[in-house]
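*Asks:* Quick one: the structure is below, questions incoming.
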């Protein structure tokens with residue numbers, strides 16, 4: 001056994017990091033605005049004792065109900081002659097303090113209940129969550145009223161009431177997240193590292209739940225301030241003469257028509273405060289929520305953006321190919337970094353031929369295949385060069401409508417996971433007929449008949465009955481047959497199959513492979529077969545293209561590639577796979593890792609891992625050389641026959 | 001068996017579900033693992049192969065004490081694992097460790113590699129600060145990673161490197177047995193070879209015993225001394241790896257070997273698509289492979305065939321009345 005390579009020390013971690021959270025937050029102008037307003041309000045409220053304000057509680061009946069902009073009283077006075085500006089500042093201080101502390105209390109107890117319930121599951125979970133359900137069964141204002149009724153009116157009691165009322169909100173949210181996290185493998189791993197349940201819960205699970213707690217807090221706090229104001233408005237919170245936004249509103253209510261400013265000013269203050277908190281809270285959620293961060297908010301368009309620098313006038317379709325991809329370049333633009341996922345890919349498929357595209361993850365094989373029909377999500381993906389000829393048409397210069405006509409008709413796809421490809425809520429029959437009707441002007445019953453024939457074609461027993469079942473009622477192998485049937489529904493010329501058997505068991509894989517092989521001969525359809533498994537390649541492919549770091553490094557017939565690989569990468573890749581029936585074979589691992597496609601070297605991308613690399617390999621881009629008919633390799637020093645690398 | 005077994009599994013069974021509802025209706029039960037008996041000797045690698053749903057991962061979780069058998073027993077060095085997992089999980093974790101299938105999700109995304117690897121050192125063997133540092137260096141060296149990786153977070157390392165961290169964590173407390181549940185199936189082939197080579201080196205260096213679970217026949221063949229083939233929660237065939245692969249006795253093993261793709265193998269031999277897989281909620285009374293088996297007879301449908309030596313060799317057992325390559329009865 002050779003020792004595997006010591007992985008090189010990590011390089012400087014400056015390249016390609018996601019934009020950090022604060023920068024993301026500041027990019028959101030609404031959230032930034034909310035944040036600025038909130039900070040300003042909070043600073044003023046905090047500074048209240050030091051500001052030159054009148055005493056908020058001193059009454060002056062002589063100055064009662066002065067309008068705004070009066071001398072000495074910028075916002076006027078209320079029914080008892082108290083300065084409204086001063087009361088607003090002091091009242092905001094109280095409202096903020098109560099809202100914040102209620103949120104913290106609710107977050108603490110709610111999260112604790114949620115964490116324990118989610119982690120312990122079973123009976124503990126049932127007891128805790130039924131308790132929470134009981135709190136939720138009351139209308140919240142009624143519950144808050146009941147609590148205040150028992151404890152007596154007062155700001156502190158209102159605070160408790162609001163905190164208790166909001167505990168279920170936290171408990172349910174946190175429980176859901178914890179439940180998912182507790183079944184994750186790292187929790188099992190921590191248990192096997194000897195950690196106790198308490199340690200696992202608070203050291204392993206809690207840090208992962210924390211962002212959710214913060215998100216929930218940021219979205220609740222505004223609501224809490226409103227509720228405090230509500231209770232005070234009803235006279236159950238702040239007691240006179242203490243100023244609080246809710247109680248000010250309540251006092252102003254009686255004289256709403258004679259002196260509207262007394263209630264309008266605190267009302268506006270509540271609006272500004274809650275609005276700013278909510279805008280900021282939404283911004284925080286967008287930044288912290290991993291699902292939103294990964295780009296759910298940027299909705300990809302129906303077709304990959306095509307952004308070719310120069311018109312590919314020099315590229316002409318080869319005569320004998322149904323599909324001819326030339327110099328395809330697809331890039332991903334993420335946070336200022338450009339990932340050249342496909343950096344000049346050439347593939348061509350003759351009629352009825354099966355071309356295997358082999359490569360490791362990140363080699364660009366899926367991106368190349370998805371680019372053909374514009375299925376790479378944009379943003380961030382875009383096609384920046386090359387052409388893909390289907391017959392005489394360049395797919396990259398066609399209209400969106402023409403592409404829609406071709407998708408699923410002339411070119412169809414089969415993906416890795418049939419369960420996520422099929423719609424769970426429609427029957428197999430509905431989905432098949434829909435695929436047929438999208439491209440043909442026939443009646444539903446005719447389409448149904450074709451669907452039945454298709455199921456027969458993919459060897460599904462009892463097709464008429466099977467049309468009525470839902471995807472979840474079928475096994476994985478059966479589902480993949482349905483997907484193949486769908487791909488064949490409109491007599492596709494080219495079928496693009498992306499790892500169609502990787503998720504299947506070996507016995508099922510054998511069935512699917514032999515089915516695909518028979519069908520392509522029956523239908524004379526070409527298959528672009530993407531896989532990482534040389535065993536699968538030998539079973540079905542006529543020719544193979546090996547990809548590495550976004551380029552095709554070698555093409556040839558399957559036998560040639562397997563028996564006498566010319567590119568050192570192909571040779572090493574074949575050598576490192578265990579082969580059934582040869583247990584004594586030495587597994588020859590490839591040292592190092594493929595380069596990142598955002599930082600490709602000038603010369604050969606494989607040079608750093610290649611035992612045959614020389615100075616000229618690194619000097620300039622390597623072009624493809626044809627070493628025999630239909631056999632080409634992107635290497636200056638190809639492996640000779642019988643040579644071992 | 002000549003040598004004393006380190007790990008003994010005796011008629012282990014794990015049933016999920018079952019029991020009754022409050023109205024007395026029986027709840028559906030699935031036998032994930034049933035009637036499994038096998039021994040693992042010190043220093044050997046036992047490969048466990050089978051397709052999805054055959055119970056191989058459940059078996060793995062039973063061995064490390066993450067799950068308890070509902071019947072039968074699993075003993076390590078004469079001590080019952082289920083009892084240990086309840087009373088003294090740390091003592092058990094010191095002896096048996098686990099390597100997970102998904103390297104990235106088995107590492108806590110919010111902890112550095114150092115924190116992750118230190119946990120077993122602190123909680124299982126109670127090392128002091130100074131010894132921890134030394135041990136961490138040893139571990140990183142053992143899995144061929146530069147010490148700089150200690151201060152990285154899981155999302156900053158690749159899948160292959162993450163799996164090596166997973167292996168280092170399993171090694172940390174110097175266990176006797178490591179259960180590897182599909183340790184390389186989430187990895188690219190070139191990285192897979194690196195990890196397999198590291199595992200091989202560690203085994204001879206630290207005198208480890210492996211239970212290696214995989215659906216990939218070629219990987220299992222290249223690492224195992226003995227192989228157990230599982231089907232529908234039971235062992236279909238068990239024996240020396242070379243024997244089982246060269247001369248499979250159970251028709252299921254034969255089918256698996258026929259179906260596996262291999263470079264250079266032109267056509268795979270698929271079975272008839274009409275075959276029905278057994279329903280786990282309603283298991284057949286006899287052999288679970290009955291419906292798919294070319295040799296099946298009435299007898300197979302009636303009763304479950306016992307696991308017996310079929311080819312004259314006492315170590316090569318198959319649960320079949322009509323084994324492949326020659327009738328017995």
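Note: Cβ is positioned from N, Cα and C throughout, glycine not excepted.
Look at TrEMBL and you will find A:92-281 tagged as domain 'ABC transmembrane type-1'. Annotated domain 'ABC transporter' per TrEMBL: A:323-574, in sequence order. Per TrEMBL, transmembrane segment is recorded for A:25-51, A:96-122, A:134-152, A:201-226, A:255-281.
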*Asks:* Any chance the transmembrane segment (A:201-226) and the transmembrane segment (A:96-122) are in contact, meaning at least three CB pairs closer than 8 A with a sequence separation of 6+?
*Replies:* yes
*Asks:* The transmembrane segment (A:255-281): which same-chain residues, six or more beyond its ends, come within Cβ distance under 8 Å?
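*Replies:* Tertiary neighbours of the transmembrane segment (A:255-281) are 30-31, 33-35, 37-38, 41, 65, 67-68, 75-76, 78-79, 84, 88, 91-92, 95-96, 215, 218-219, 221-223, 225-226, 229, 245-246, 248-249.
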*Asks:* Sequence-remote contacts (6 or more beyond its ends) of the transmembrane segment (A:25-51), Cβ cut-off under 8 Å?
*Replies:* 19, 89-90, 92-93, 96, 272-273, 275-284, 286-287
*Asks:* Averaged over the whole of the domain 'ABC transporter' (A:323-574), what is the pLDDT?
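*Replies:* Averaged over the domain 'ABC transporter' (A:323-574), the predicted model reaches a pLDDT of 90.
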